[in-house]
Structure formats: structure tokens, C-alpha cells
Amino acid sequence: MSGRRFHLSTTDRVIKAVPFPPTQRLTFKEVFENGKPKVDVLKNHLVKEGRLEEEVALKIINDGAAILRQEKTMIEVDAPITVCGDIHGQFFDLMKLFEVGGSPSNTRYLFLGDYVDRGYFSIECVLYLWSLKINHPKTLFLLRGNHECRHLTDYFTFKQECRIKYSEQVYDACMETFDCLPLAALLNQQFLCVHGGMSPEITSLDDIRKLDRFTEPPAFGPVCDLLWSDPSEDYGNEKTLEHYTHNTVRGCSYFYSYPAVCEFLQNNNLLSIIRAHEAQDAGYRMYRKSQATGFPSLITIFSAPNYLDVYNNKAAVLKYENNVMNIRQFNCSPHPYWLPNFMDVFTWSLPFVGEKVTEMLVNVLNICSDDELISDDEAEGSTTVRKEIIRNKIRAIGKMARVFSILRQESESVLTLKGLTPTGTLPLGVLSGGKQTIETATVEAVEAREAIRGFSLQHKIRSFEEARGLDRINERMPPRKDSIHAGGPMKSVTSAHSHAAHRSDQGKKAHS
């Protein structure tokens, strides 16, 4: 060993190239000019992980809501335009999106929803997009996604993020503004743009125009379908004549078929449906062409690259101009690191420290025999009782060591799985569940446990399909605390299925 000494600073960062986030929150005077937020100032501050004074954040959210409230449930937008899919709190990739798609000051944009949850910079996405909406109300348009609701933001990450970075008041303001988001857009009188897709209860564009959107999306019905439905997994090659079948992946809404989409397009004189809602390896997908027009009947666009930091997918935006459609792809950008569920490093380290401390205690106690642990002056009759007490203490510490070991394994697994564990914990019993755990676990917990059981910390997720398979459980509508799926609403879902079957029968008769 040389006599060289190492000095470690407690104030400097280990990686000095990464600057500290700004400690000062931007004030009203710094952000607003002539009643509108200064977008460049806001962007430069948010990119550095800076925050705003709470009244400033609330002003942006509420002013954006006032504009959205005046828009129709189905807005009408013209080309040229850039259409964007899911963002999911990936703020630094959103900055890349605007580099690829063009500056919002001279480019018309349509976003298809899902701005929040899963990623760790959701509130930054909301504040920036809402600021753009305030500055460009006639050229930047925002639709609602299935994640813009109280139910999902409470289950996933957005509510927790708002509490940590701002307050629950900011979260509540976001929920109010989400209720104002339009549900669909008619692009150039040619394309229906929506987050999820079709509904058996929507046969015309007027059916969308008549919907009441100013509410929390229900667990069933046309609003739910616009936000949650998907094309059938064998879209364009269906083996059934049904137009709509139950969506087993989402646990709600429907799969819609190629014939259902073609019928809707023909009846409403449209070219195609443009939607988001599903991650795509290439960032987009063109589905089977309509026989009537020769144009893809359905297009999916997804704008969150390397989704959840594990999918390794490209993102894409769709540019439509002069009746020509171009897809522009882009890769992910580096972003600051957050521990799961916005945990601080001290809380995160407790299972690791606890495991070592209890392991040390067990080893110390195991060195000594029972006789050594009993004092010489103890009464002869109490020796047996005393030995049993000591054994019980050793067993208790051993159990505690096992608990900390499980917590440590869970922490490491969550760190490896990243966004695939959206609540920051593993499903109950993945590491230690026995018969009782299995008997009491919910269906969702059992499915999640089976999906990631046996996942090795040394294993690296290498493919898009593998990531999507592990994440499949998180694509479902989470269980509702008010048990809305039990009782009345389920009857409505059943009746909706009957309604869909009735429409399907009508469609078959019309085609025969």
C-alpha cells in the first residue's frame, strides 16, 4: 500500500459533469410575461430538474384547463400536422420529440393522450405541454388518454410524484384539467384520431360529439372504449365474424375487428383511424389496408422510446402534409435517475443494512453456547426457562434476518425490473409466498407473480417482446377500491357485450 490518501467530498457530486438541480423554484414573475408562460424559460429550468413555486404550477394547469374546457369533445384539426402517441412521463424524450417533429411555434401538433404515469417526469410533461397549449391554443391539441384519470394515476406513479415534487393540491388541479381534455379529433375530415379506438356504442362521429366528457372515465361504455379498446390480436385475419370481443388484455372494453373498423370508416366517409395506447417496437404500426380505399384501415403511433427503460423500442411521430404521410422515428435520450416509487436513498438502503445487522447478531449469538449466556448466580430451576427464552430470541432474530433478506431481494428485483413494477414493490408473495399467500392473493397479484416468478437479477431483458410479456399485467385496468367491477356495472358490461353482438349480427346481415 502506498501512503496516498483519498479525499472524498461530501458536497461535490461523484460525477461532476452532472450538475445539481436548481434549488430555487421559479417565481410567477420569472415564468409569466403578458399573462402567458415563457416556454423557453420553463424548458431550460425543467430540463435541469428545477421546480416551480406552487402558485405558478397551479396557474399553468388552471389556465390550460380554461382553454381545454372551451373545446369540443371531438375537435376538428387541419393538416399539415404532427401526430404524437403516448409520452408516459418521459420528459427528456418529449424534448427529443420536438426536435424531430419541429418547433411548436411553427408546427401544428396533435397529442393522443397518456402524458403521465410510469415515467418519473410526468408533472414536467404536463406543465410544459399545458404551457405550449396556452401559447398556441389553435395549433397544439391535446386529447385524453386512459391514464389521464384519478383511478390510474392513484394506482401508478403520478399521484405520488405530485405529492413529492409539489402537493396534492397540484394533483387535484391536474385531475380537474384532465376532465376537460377532448376525447377525439377529426383530422382533415379524413382521419379519426383517438387514444384507444372503437366502441360498439359509437357508429357515427355524432355519437362522439354527444358524449359528456367532463367526468372521471367510467369502467364501461363508449367513453371507456374510446380510451381503452384495442384492435384484435389477429386484426385483419380474424377467425370470428364478431365485430367486438371482450378485451382480455385490458380487463375492460373490447377488441375491435378489421370488419368493424372498415364498416365504421365506410359509414363515416373516412380513410383511417389513428390511435396510440400500445407500445410498438418500431414506434408505429400500419394495419391491413381497407379494400375500399387501399389505405391502412388503422395506424398505431407510440412516442415513448425505450419505454420504462426496458422495452428498447423506437418512438415515432406521424407527419401529415399535402396528403402525404411520413413517419419519423427517434431513440431515447439520457435522463436523470430516480429510485423506484421516488424513494430516497436512506429508505432504500434500510433492507440492505438491516440484513447485515441481523446476520451479525445471529452469528454473535451462535458463537456462544446456552450455558455461556446464562449467568452463574441464576437459580437452578429457572435455567431451562432461560434457555428457551434465549432460543426464542435467536429464532426471532433469524426470522427478522429472513425478512430483511427478502426485502433486499425485492429491492434489487424492483431496481432491475424498473418500470415493470409501477408501484415500486413486487406482487405479494413473489419471493416468499406460501399456501396462505396464494389463497388470499387477488387475481391480479397472482398473474403478476407468475409473470415475473423466477426472474434473475443477472438476467437482462433483451427483447421488446420479453419486456411486453413481463409488463402485460400492468396493461390491465387496476382493481378499483370501490369494487366497481362487482355488482351493477358488470351487468352493464354484459349488456354492452350483448349490444355489441347485436350490432355484429346486424353487420353480418348487411354484408350477406
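Each residue, glycine too, has its Cβ placed from N, Cα and C.
Note that the structure is predicted; figures quoted are calculated from it, not measured.
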**Complete:** Which range of 163-167, 303-307, 493-497 is motif 'SAPNY motif' in Swiss-Prot? It is 303-307
**Asked** Which of the listed residues, Ser483, Ser504, has Swiss-Prot annotated as phosphoserine?
**Response** Ser483
**Prompt:** Can you pick which of Asp114, Asp234, Asp309 Swiss-Prot lists for the same Zn(2+) site as Asn146, His195, His277?
**Reply:** Asp114
**Message:** From the DSSP assignment alone, can you count helix, strand and coil residues within the motif 'SAPNY motif' (303-307)?
**Reply:** 1 helix, 0 strand, 4 coil
**Complete:** Lying 6 or more residues past either end of the motif 'SAPNY motif' (303-307) yet within Cβ distance under 8 Å of it, the residues of that chain are 84-88, 90, 93, 96-97, 118-119, 276, 279, 283, 313-317, 330-333, 419, 467
**Prompt:** C-alpha of Asn146 (Zn(2+) binding site) to C-alpha of Asp114 (Fe cation binding site): distance in Å?
**Reply:** 7
**Item:** Spatial separation of His277 (Zn(2+) binding site) from Asp86 (Fe cation binding site) - C-alpha basis, Å
**Value:** 7
**Prompt:** On the 0 to 100 scale, where does the mean pLDDT of the region 'Calcineurin B binding' (344-366) fall?
**Reply:** 80
**Message:** What is the set of residues, excluding Asp86, His88, Asp114, whose C-beta falls within 8 angstroms of the centroid of the C-beta atoms at the Fe cation site?
**Reply:** Gly85, Ile87, Gly89, Gly113, Tyr115, Val116, Asp117, Arg118, Gly145, His147, Ala276, Phe302, Ser303, Ala304
**Prompt:** Does DSSP put Asp86 (Fe cation binding site) in a helix, in a strand, or in coil?
**Reply:** strand
